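Novice: Checked Swiss-Prot, it gives:
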type     : residues     : note
SIGNAL   : 1-23         : signal peptide
DISULFID : Cys39-Cys50  : disulfide bond
DISULFID : Cys45-Cys61  : disulfide bond
DISULFID : Cys49-Cys83  : disulfide bond
DISULFID : Cys71-Cys91  : disulfide bond
DISULFID : Cys85-Cys107 : disulfide bond
Amino acid sequence: MMLPQWLLLLFLLFFFLFLLTRGSLSPTKYNLLELKESCIRNQDCETGCCQRAPDNCESHCAEKGSEGSLCQTQVFFGQYRACPCLRNLTCIYSKNEKWLSIAYGRCQKIGRQKLAKKMFF
């Protein structure tokens, strides 16, 4: 007994739609990882920060930096070594840092006037 072609095509279409939506191996925007869960890249986490532990090779979802905490804006293989700052803070680097070295800064709150000065001068 042979299935009609249109029924076979319909079955294949539903099968591929299932694979594209629910059969996905990476988390979707509705299936993001929570804090302290193991992650592979920043996009997997709710916070947007997948941080690699300095003492081992494990990485986990971490909170973004609060005022005074260590921060970094460079991404290494889809992960941070220190999470970037929260939305209302800026990562400020020391002036004596080398350009090519791995630079860590501190999260600080900056007034709008200082930002405007930095942008134009």
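Placement of Cβ uses the backbone N, Cα and C atoms for every residue, glycine included.
Model, not experiment: these values are computed from the prediction.
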Novice: Do you see any of the disulfide-bonded residues Cys61, Cys71, Cys83, Cys85, Cys91, Cys107 whose C-alpha is within 10 Å of Cys50 (disulfide bond), and which ones?
Specialist: Cys61, Cys83
Novice: Which disulfide-bonded residues (Cys39, Cys45, Cys61) fall within 10 Å of Cys85 (disulfide bond) by Cα distance?
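Specialist: Correct set: empty; none qualify.
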Novice: Could you check which of these disulfide-bonded residues, Cys39, Cys61, Cys71, Cys91, Cys107, sit within 10 Å of Cys49 (disulfide bond), going Cα to Cα?
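Specialist: Cα within 10 Å of Cys49 (disulfide bond): Cys39, Cys61.
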Novice: Quick check for you: of the disulfide-bonded residues Cys39, Cys45, Cys71, which have their Cα within 10 Å of the Cα of Cys83 (disulfide bond)?
Specialist: Cys71
Novice: List only the single closest residue to Cys91 (disulfide bond), chosen from the disulfide-bonded residues Cys39, Cys45, Cys61, Cys107 by CA-CA distance.
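Specialist: Closest candidate to Cys91 (disulfide bond), judged by Cα separation, is Cys107.
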Novice: Can you check which residue among the disulfide-bonded residues Cys50, Cys61 has the largest number of Cβ atoms within 10 Å of its own?
Specialist: Cys50
Novice: Go through Cys45, Cys91, the listed disulfide-bonded residues, and name the one with the sparsest Cβ surroundings, counting other Cβ atoms within 10 Å.
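Specialist: Per-residue Cβ counts within 10 Å for the disulfide-bonded residues Cys45, Cys91 bottom out at Cys91.
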Novice: If you measure from the C-alpha of Cys45 (disulfide bond), which of the disulfide-bonded residues Cys39, Cys71, Cys107 fall inside 10 Å?
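Specialist: Within 10 Å Cα-Cα: Cys39.
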Novice: Using a 10 Å cut-off on CB atoms, tell me which of the disulfide-bonded residues Cys39, Cys49, Cys71 is the least crowded.
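Specialist: Fewest other Cβ atoms within 10 Å, among the disulfide-bonded residues Cys39, Cys49, Cys71, is found for Cys49.
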